[in-house]
Amino acid sequence: MKDNYILAFETSCDETSVAILKNGSELLCNIIASQINSHKRFGGVVPEIASRHHVEQITVCIEAALEEAEISADQLTAVAVTEGPGLNGALLVGIMAAKTFAWANHLPLIPVNHMAGHLMAASLVDTIEYPAMALLVSGGHSELVYVEKEGSYKKVGETRDDAAGEAYDKVGRVMGLTYPSGKVIDELAHKGQDTYNFPRAMMNTHEVEFSFSGLKSAFINLVHNENQKGNDVIANDLENLAASFQVAVVDVLMAKTKLAMEKYPVKTLIIGGGVSANQGLRERLSAEITDEKLIIPPLRLCGDNAGMIAAAAYIEWKKGLENVQAGLDLNAKPSLVFEDM
């Protein structure tokens, strides 16, 4: 049987990435050009800057991927690309590159939901036993997705306001940390204690929904009130502040994930998205999820990368190209959700 090679593009935010996946499981390369240093001084991603960097890096990444994988264009089976959700201009760079490459090399084009990519990154680590539940947490999303069978996605819960990663970045700015601040907060949290008892929103409801805006506001108000009293709590108690914030976030994520698994019994729990790199969350999951198979991707697959897009595209390819193939009129879908698939 002829080998399947998928060339995938990911440019939804601030990482330019191109990957090649063999037979749905062997990641031959996963080239990632990060833009963190360009956005750091602004305290967050600047869409126009992100798009310009994608334009500069995309061709370099394609060439690097083909060279590292030792694959030529005529060996490829299909081209895959993130169509959304994400930043419109950033998405368009990847889509135009993918369409051009597919057209020039007479290859089918497979559009992929970015969040399905985060979910299917787990398939590059271990075999997913269905049905499965996925906790997807990042700077822009916090949602729980039920996967009854391969390629079937049903969002069963999401945040009502801020995403978990967004809360981390906003709290990080108050703490005086540089963007992105999630890793530093995680490191500080491991040195402190939960002494401030920040609110855990919706913990006692039976709704599979998150809310982090109240926690963020409580953190900001505490810092402000302490400063008014002459207590520079950021300077004097940073580690305990970080620990208190992180424990509150993880408590909510764990509670709602367990609730979702009660409502939708599963064999596997998957974690994905940038916040899945958080050691506090990974430790709690490993300690408390014992009855179901737990798949936590390695750090290299937690952030945005084209390898995960290739993995999701392979699942789509198995459905039959007549059902999933896009035309050259494919456009960006910045607000794409699972229900649109």
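Cβ coordinates are placed from backbone N, Cα and C, and glycine is handled just like the others.
Residues or ranges marked as Fe cation binding site in Swiss-Prot: H114, H118, D304. DSSP assigns H118 (Fe cation binding site) to a helix in the three-state reduction.
In three-state terms derived from DSSP, G182 (substrate binding site) belongs to a helical segment. Per Swiss-Prot, substrate binding site is recorded for L136, V137, S138, G139, G140, D169, G182, D186, N278.
In terms of local Cβ density within 10 Å, G182 ranks first among the binding-site residues G140, G182. Taking CA atoms as the reference points, G140 (substrate binding site) and H114 (Fe cation binding site) are 11 Å apart. Neighbours of the Fe cation site: apart from H114, H118, D304, residues of the same chain with C-beta atoms within 8 angstroms of the site's C-beta centroid are E10, S12, T82, G86, M115, G117, S138, G272, G273, N305, M308, I309.
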